[in-house]
Amino acid sequence: MEANKDSALHYIELAEQAILANDNERALRYLTKSENLFPTQKAKDLMERLMHVNSHSTSSTSNNKTYESTSTSPHNEQETTNGPSSNTRHRTTTQSTSSSDYTPEEAQAVRKIKTCKDLYEILGVSKSATEADLKKAYRKLALQFHPDKCKAPGATDAFKAIGKAFSILSDPKKREQYDQYGQAMEPQYHRGGRTSQHYYYYEDDDDFSAEELFNLFFGYSGPTSRTYRRRQQNPFQFTTHSTHNTTQNTTHTLAQLLPYLFLFLISIIGTFLVSEPQFQLHRTGKYNNARMTRLSRIEYFVKQDFHPPKTDAELDKFESSVVDEYASDLRHQCYREQQYKESMLWRARMMNDNGLYREAQKQGTPSCNKLNDFVQRGHA
């Protein structure tokens, strides 16, 4: 179980990013994986919060649908009575309401992005652009066309196009392939499936979306090149009618997967070689007998066959390890909570969203409070 702890914490981090992107369904999937690998109180709390939000959202949606079905019937009868002129007035009112959410300049900018035929053109940089130039261009465009800020029709597609262009051109290998093949590699955002070129593009990428790229780039001070490339494991997949190119792509894919397969095997072997810990800070299936340290009064859990140390010195040493583990866990959770709150505040400021900013200010950091209290009592 202990060997899976890092992976479980990584899934919690992914879940927090999904929550920032308002993707609660994906967040629940990540939290479930985390719980299966290594149960933590943080994952449990997040899951309970998401379940509560989802149930509240479902209830609200049901009420809205009931209201709409009740209010739609008279409206339809009025349209039938008044004829085409009533429909025209209704469409005009709807169009004027939606068009007030964006400016003509924003609509023109979205159309310009969607008509670009070159990834460099999408970002507005030259083919000799450096990594710093790409980041600067992406930073400007991503903020300009983010769906939360730009309400013009097609802004979401433009935002995706900007994200995909940056993800390709910021990766040296993919940029080299794009420079070699040109438009044959260019993703077509206005239609999926096979294009007129020899390649086709899958738009849906469950591992790395434009919104996740945005959150990583801004909400967490920008990913390092190492972290960024580990997260985009083959985000674009192409195929050709040529048997030779297909073989090359398959070989290249296998070569990319080998390091991950090796790490997976190492982790599996490690679970057999590493002995199980003597205690856990949270109750699990095996660790279900509660105990408490004598001085710090920290609750921990042991297995049924646990044999406590026989001497006071040995017991002091054992309980010291419990205290160290507890303090380390609090520091880790405190850091996560602070990062989550800071990312919410930053996003609210960038989106000029006062409601989100107030919500972020109210976001608590309970683990930090526990850690401060623990330190003040002289236990850490």
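Glycine residues also receive a Cβ, built from the backbone N, Cα and C atoms like all the rest.
On a predicted model such as this, the values are computed, not experimentally measured, just so you know.
Residues or ranges marked as compositional bias 'Low complexity' in TrEMBL: 54-73, 93-102. Here TrEMBL flags 118-182 as domain 'J'. According to TrEMBL, the feature region 'Disordered' maps to 54-106. The transmembrane segment feature in TrEMBL is assigned to 257-274.
Computed over the domain 'J' (118-182), the whole-number mean pLDDT of the model equals 89.
Across the domain 'J' (118-182), the DSSP tally of helix, strand and coil residues reads 46 helix, 0 strand, 19 coil.
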